[in-house]
Ligand code: IPE
Ligand code: IPE
Ligand code: MG
């Protein structure tokens, strides 16, 4: 029986790994505020609990066959929230990235960020750049965290870049195809998500991965993000196997 070391250096049989055949899972982690409100706590307490849940999910994801995870942490629309909440979230992102850097690096996670960084605090940006550089060679799991991310904003930036590259002669009119646009998205180099999960009972996509998730499967659960467990993720993944992905074709 084949053995490999897991992240705690425990020798595990590879038969303990269940690959559900869903390489890229994207998650709209919603419901932190309601989770806190139910307890009479400030919204930021919900965000903190939500961040702890991410750690648990990320740790187990590779053993479920997941190779890429994209998680929605802050949308281009989330700036509308109170200053206290926005600043609290930004502070938490920096704190979490710094605190988890060693563990993520040791667990073979390649951490990257999608979204427009230009509006983020320089200290947060520096922290993001550092962990991206540090974990670039890791292959066990690629974790893309969406901060100041909007699908429309990302498409607009990619289209603007294409226009610049065309005007400068870098790319010809006959080369303006899907691949050329995809290569200019923040997710360049990542496969499209197979499955998008949204927690908290809302059944909308809120500007998440508009281009990339065109043919993804969607799962909506009532569970608030801070209550979302590895067990529920496993249930969702096992249901996914029964879906018939036709991509516009006809099953023969
Ligand atoms: C999702 O939880 C996290 C972020 C958008 C940052 P919410 O903060 O949207 O929680 P609800 O939807 O208000 O419960
Ligand atoms: C989507 O959740 C964004 C994140 C999870 C980061 P929101 O709570 O911001 O979305 P809406 O407002 O319900 O559409
Ligand atoms: Mg919400």
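Cβ from N, Cα, C; glycine included.
Caution: TrEMBL annotation is automatic and unverified by curators.
Summarising the annotation, TrEMBL assigns active site to 30. Counting only residues at least six positions away in the same chain, the Cβ atoms of 198, 199, 200, 202, 206, 224, 225 sit under 8 Å from the Cβ of residue 30 (active site).
Among the features that TrEMBL reports, active site, proton acceptor is placed at 78. Listed in sequence order, 86, 89 are the same-chain residues six or more apart from residue 78 (active site, proton acceptor) with CB atoms under 8 A from its CB.
Positions annotated as Mg(2+) binding site by TrEMBL: 30, 217. Close to residue 217 (Mg(2+) binding site) in the fold, though at least 6 residues off in sequence, lie 194, 195, 196, 240, 243, 245, each with a CB less than 8 Å from its CB.
Positions annotated as substrate binding site by TrEMBL: 31-35, 43, 47, 75-77, 79, 81, 198, 204-206. Classification of residue 198 (substrate binding site) by DSSP places it within a strand.
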What count of other C-beta atoms do you get within 10 angstroms of the C-beta of residue 47 (substrate binding site), across all chains shown? 23
Filtered by Cβ under 8 Å and at least 6 apart in sequence, the residues in the chain of residue 79 (substrate binding site) near it are 86, 119, 148
Using a 6 Å cut-off on Cβ distance, which of the recorded positions 30, 31, 33, 76, 205, 217 come close to any atom of ligand 1? 30, 31, 33
